[in-house]
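As structure tokens, the structure follows; a few thoughts come after it.
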């Protein structure tokens, strides 16, 4: 018995179709405010002494805003919004780091980036 190998023909590269450069669909506006605004309202409404947890903020947003039913998507956007709010000074951490722990609204002086100095005569 002789063994013969069948040579395979080289694969021909497939031509990729061009994407149409026609009119793009316009993005419809969301039925809810921005996540940073929702977080700000949630933390203000919850008024917890030790700060509001991410889970509590998530429940408040799901109950009071029309963000859809997919909890995972909302949670992802919420985590990003919490991190961004801490970086910009809108919120401050009561406990934890990143998107975990508890959050409080930042003081108005801290949010604007100005520190009040006590003006008095030192003699």
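Yeah, the Cβs are placed from backbone N, Cα and C, and that goes for glycine too.
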*According to TrEMBL, which listed range is region 'Disordered': 1-37, 38-74?*
1-37
_Helix-strand-coil residue split for the domain 'H15' (31-107), DSSP-based_ = 41 helix, 11 strand, 25 coil
